[in-house]
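All remarks here apply to the structure that follows.
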Amino acid sequence: MRFWSLFLLVVLLAVGGQLPAASGRKKGERAGACPPEDGPCVISVPDQCQEDSQCPSTMKCCFQACFRHCVPRILVKRGGCPEDQLQCLSPTEHLCNKDSDCSGKKRCCHTSCGRECRDPARG
C-alpha cells in the first residue's frame with residue numbers, strides 16, 4: 001500500500017509539472033501584456049531578450065517591429081474584445097493604444113477601422 005501511495009504521488013508531481021500555470025501563462029512569463037506593435041520593420045537588429053526573466057521586473061520581453069526587447073508591460077482587463085462584423089470604408093486613427101486608455105471595464109479593441117474602447121464580449 002505504501003509503495004502505491006508513493007508511486008501515485010510521484011506520477012501526480014510529474015504530470016503536474018507539465019501543466020501550464022493556472023493563469024495560462026508559460027513558466028517565467030510575467031503578468032500583463034506587450035503594447036501594440038508600433039509600426040513596420042525599418043531596420044533589423046538582434047533581439048535584446050528571449051523571455052521576460054531577462055528584463056527588469058516591471059518589463060516584458062516583447063516583439064516590436066523587427067526584434068524582441070524589454071518594454072514596460074501593460075495592464076490587460078478581463079474579457080475578450082467583441083468580434084467586429086463591419087468592413088471599414090474609411091480607416092480612422094486609433095482612439096486607444098492599450099486597455100488602461102479605456103475607462104472602467106472597457107477594453108482597447110482592434111476594429112475594422114482602428115482601435116477603440118469597447119465593452120468586453122459576453123460569454
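For all residues, glycine too, the Cβ spot is worked out from N, Cα and C.
Copied from Swiss-Prot, the annotated features are:
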SIGNAL    1-24  signal peptide
DOMAIN    27-74  domain 'WAP 1'
DISULFID  C34-C62  disulfide bond
DISULFID  C41-C66  disulfide bond
DISULFID  C49-C61  disulfide bond
DISULFID  C55-C70  disulfide bond
DOMAIN    75-121  domain 'WAP 2'
DISULFID  C81-C109  disulfide bond
DISULFID  C88-C113  disulfide bond
DISULFID  C96-C108  disulfide bond
DISULFID  C102-C117  disulfide bond
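The disulfide-bonded residues near C49 (disulfide bond), taking a 10 angstroms Cα-Cα threshold over the set C55, C81, C117, are C55. Counted within 10 Å of its Cβ, the other Cβ atoms near C41 (disulfide bond) come to 11, all protein chains included. The disulfide-bonded residues shown are C34, C55, C62, C66; of these, the one with its CA atom nearest the CA of C102 (disulfide bond) is C34. Taking C34, C88, C108, C113, C117 as the disulfide-bonded residues under consideration, the smallest Cα distance to C70 (disulfide bond) is found for C34.
Averaged across the domain 'WAP 1' (27-74), the predicted model reaches a pLDDT of 86. Note on the disulfide-bonded residues C55, C81, C88, C108, C109: the fewest other CB atoms within 10 A surround the CB of C88. Here the Cα atom of C81 (disulfide bond) is found 8 Å from that of C108 (disulfide bond). Counting only the Cα atoms, the space from C113 (disulfide bond) to C41 (disulfide bond) is about 22 angstrom. There are 21 other Cβ atoms within 10 Å of the Cβ belonging to C62 (disulfide bond).
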